[in-house]
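Undergrad: Taken from TrEMBL, the feature 5-phospho-alpha-D-ribose 1-diphosphate binding site covers 78, 103, 130, 131, 132, 133, 134, 135, 136, 137, 138, 199. Residues or ranges marked as uracil binding site in TrEMBL: 193, 198, 199, 200. According to TrEMBL, the feature domain 'Phosphoribosyltransferase' maps to 7-207.
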Ligand code: PRP
Ligand code: URA
């Protein structure tokens, strides 16, 4: 497993804007999509390509195309939807596998309420998307669903995570790669990331 904190200046700049308390829903949404796009670029760097020949303006030309193209994007409802368009901008033909989970506010344990996975999960690389990796409970539950469906290659893309949540995933699923714009300091007593972004779902959906 590898954990990548993606220090690209565009990502860091956009994440910095997202931390402002007075951002509008529209601005937060736009930035979440933009950072998701950049994280996707990073997380797909190791996709295999193959050489094919196409007819170019001056005759046959060798070009690269992505081999297999079997990718499924896995947004964790609901906040994960805020990153989905950004990812699909980069991988328009990806299948979408939706997982519904919310955290019980008292126990912080994830509660599953929806699961609709793409077909042929055994052959697909899954890109889980969620703005926040806090205790890691939601990610653990999602990885377990995907592995139960036969998925063998899993990556997670997050805007913000904390070390304890990442360590929990590393211990349980050392084969899963994590791409995150920022590894923040810690969780507060209510399980929110500090300095974090606040409640990502409320900000993306404008429900606060
Ligand atoms: C948030 C976030 C993650 C989860 C992270 O979702 O989007 O899914 O919390 O926390 P964890 O690592 O401790 O599990 P939330 O439960 O607030 O639901 P929502 O997306 O429906 O708002
Ligand atoms: N979920 C959020 O939306 N924000 C946090 O800081 C932690 C979990």
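Cβ coordinates are placed from backbone N, Cα and C, and glycine is handled just like the others.
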Undergrad: Rounded to the nearest angstrom, how far is the Cα of residue 138 (5-phospho-alpha-D-ribose 1-diphosphate binding site) from the Cα of residue 200 (uracil binding site)?
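TA: Pair distance, Cα basis, whole Å: 14 Å.
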Undergrad: Does any of 130, 193, 198 have a Cβ within less than 6 Å of an atom of ligand 1? These are the binding-site residues; tell me which, or none.
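TA: So the answer is 130.
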Undergrad: From 132, 134, 138, 193, 200, which binding-site residues have a C-beta atom under 6 Å away from some atom of ligand 2?
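TA: Correct list: 132, 134, 193, 200.
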Undergrad: Please report the DSSP secondary structure of residue 138 (5-phospho-alpha-D-ribose 1-diphosphate binding site), reduced to three states.
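TA: Looking at the DSSP assignment, residue 138 (5-phospho-alpha-D-ribose 1-diphosphate binding site) belongs to a helix.
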Undergrad: Of all the binding-site residues here, 136, 198, which one's CB has the most other CB atoms within 10 A?
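TA: That would be 136, with the highest Cβ count within 10 Å.
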Undergrad: Could you tell me the mean pLDDT over the domain 'Phosphoribosyltransferase' (7-207), as a whole number?
TA: 97
Undergrad: For a quick check of understanding: given the listed 5-phospho-alpha-D-ribose 1-diphosphate-binding residues 78, 103, 130, 131, 132, 133, 134, 135, 136, 137, 138, 199, what is the maximum Cα-Cα distance in angstrom, as an integer?
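TA: Output for 5-phospho-alpha-D-ribose 1-diphosphate binders 78, 103, 130, 131, 132, 133, 134, 135, 136, 137, 138, 199: max Cα distance 17 Å.
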Undergrad: Starting from residue 134 (5-phospho-alpha-D-ribose 1-diphosphate binding site), work out which of the binding-site residues listed here (193, 198, 199) have their Cα within 10 Å, and give them in sequence order.
TA: 193
